[in-house]
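Listed in Swiss-Prot for this protein:
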- THR229, ALA230, GLU231, GLU283, SER383: L-serine binding site (BINDING)
- ARG260, LYS261, GLU262, GLU347, ILE348, SER349, SER350: ATP binding site (BINDING)
Amino acid sequence: MLDVRYIRENLELVETRLKTRGTGIDLERFRQLDSQRRELLQQTETLKALRNKVSEEISRVKDKSQAQDRIAEMREVSQRVKGLDEELKGVEEALEYFLLTVPNIPSSATPVGASEADNVEIRVWGEKPHLDFTPKPHWEIGEDLDILDFERGAKLTGARFTLYKGLGARLERALVNFMLDLHTGRHNYLEMLPPFMVNRESMTGTGQLPKFEDDLFHLGEVDYFLIPTAEVPVTNIHRGEILKGSELPLCYTAYTPCFRKEAGSYGKDTRGLIRQHQFNKVELVKFVHPGHSYAELDKLLDNAEEVLRLLKLPYRVVELCTGDIGFSAARTFDIEVWLPGQDCYREISSCSNFEDFQARRASIRFREDEKAKPEFVHTLNGSGLAVGRTVVAILENYQQQDGSVVIPEALRPYMGGAEKIG
């Protein structure tokens, strides 16, 4: 959520920067609500001061019968204050809802562009495999090896659900453990295992609500939501808290299943594991000092990249332009892994700095010391990695001409020493 004072004092800048997203801000609506709120606050404070003055005068009168006019005046003022308080509450709720629907301002370092076509390639790592045969897409490999069953997954639930079998299930589990061990060991993240359902406040804190409710799986009876990413519960761990500045940065990692309707993806990636309603992901989340947040973003991005380097999977890093970054993000880098069976790079991680946007929504603050005024932290997150898409990358990059798949060396201890599937 953007700061009201910042918008008020930088109206043209806010409007200009948000237009680079392809969205905008209804400045007239903002001015109206902000002006109403400030006017009502002033009226309320004036009347409360008058009420306090009259009350003090009444307290000095020994014979209360001589103060009936003043008592009546105080009651009248109190009724007017009550009415103004109710009106102010309505205006503040309208202003808050308005602010909750306004996206974050892109960082000045974020490249300006209209769509993913304007994203900027930052670096490329690794060599694409040189295959002496026509590479197959992962869905064919998985079915041929009998480790992915798309037909039964659809039978159990519906489209975009998959049944992992045998070494396919073990490969998925091995990747989760490998990623968590790397991030908790070498990268010093604290592992969390959060609930897979969250309340409305949590979804609002990270920016999914109120704007994207139609994209979420909602459990109406209890007003809970299935999480679309571990970012939601893990970021909200510190919702409404004031952290110690000496403890920052706080670095958490979590494995969770993720649930997404994928409402806008009809007809896209209808085969395979790329776009599922349920998938597993290992997430990285940081709560950091505002002055260090972009240095911490570089570290988080490298932590996610290291998973691919250790698995020897070729990838590239792309910086998203203003027209392609997410609602809550100020700056985002995507890691895209090479998939020879599809002859393209596909996103496997998205690493973002939200600056104080989420912290302001979720009221996550810190104090430099005990006497300091609380400030909002900066929040960061990234996939470390999407597990199903890592399975895809292994199947396609390590496929052999005889139909088998070599298991990356770094993963073999997690696969009982097995060197290949098939």
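A Cβ is built for glycine as well, from the same backbone N, Cα and C atoms used for every other residue.
Computed from a predicted structure; not experimentally measured.
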Give the sequence-ordered list of residues that share a chain with GLU231 (L-serine binding site), lie 6 or more positions from it, and have CB atoms under 8 Å from its CB.
THR206, GLU283, VAL285, ASN381
Look at the binding-site residues THR229, SER349, SER350, SER383 and tell me which residue has the greatest number of other C-beta atoms within 10 angstroms of its C-beta.
SER349
Let me spell it out: for each of the binding-site residues (ARG260, LYS261), count the other Cβ atoms within 10 Å of that residue's Cβ, using every protein chain shown. Which one has the most?
ARG260
Proximal but sequence-remote residues of the same chain as GLU262 (ATP binding site) (Cβ under 8 Å, at least 6 apart):
ARG160, ASP215, ARG275, GLN276, HIS277
DSSP state at GLU347 (ATP binding site), helix/strand/coil:
strand
What does DSSP call GLU231 (L-serine binding site) in the simple three-state scheme?
helix
Max Cα distance spanning THR229, ALA230, GLU231, GLU283, SER383 (L-serine binders), Å?
9
Check: same-chain CB within 8 A of L-serine site center, minus THR229, ALA230, GLU231, GLU283, SER383
VAL232, VAL234, ALA254, THR256, CYS258, LYS281, VAL282, LEU284, VAL285, ASN381, GLY382
ATP site residues ARG260, LYS261, GLU262, GLU347, ILE348, SER349, SER350: biggest Cα-Cα distance, Å?
19
Cβ-Cβ neighbours of ILE348 (ATP binding site) (radius 10 Å)
26
Candidate binding-site residues THR229, ALA230, SER383, pick with smallest Cα gap to LYS261 (ATP binding site):
THR229
For SER350 (ATP binding site), which of the binding-site residues THR229, ALA230, SER383 has the nearest Cα in space?
SER383
C-beta crowding around ALA230 (L-serine binding site), within 10 angstroms:
28
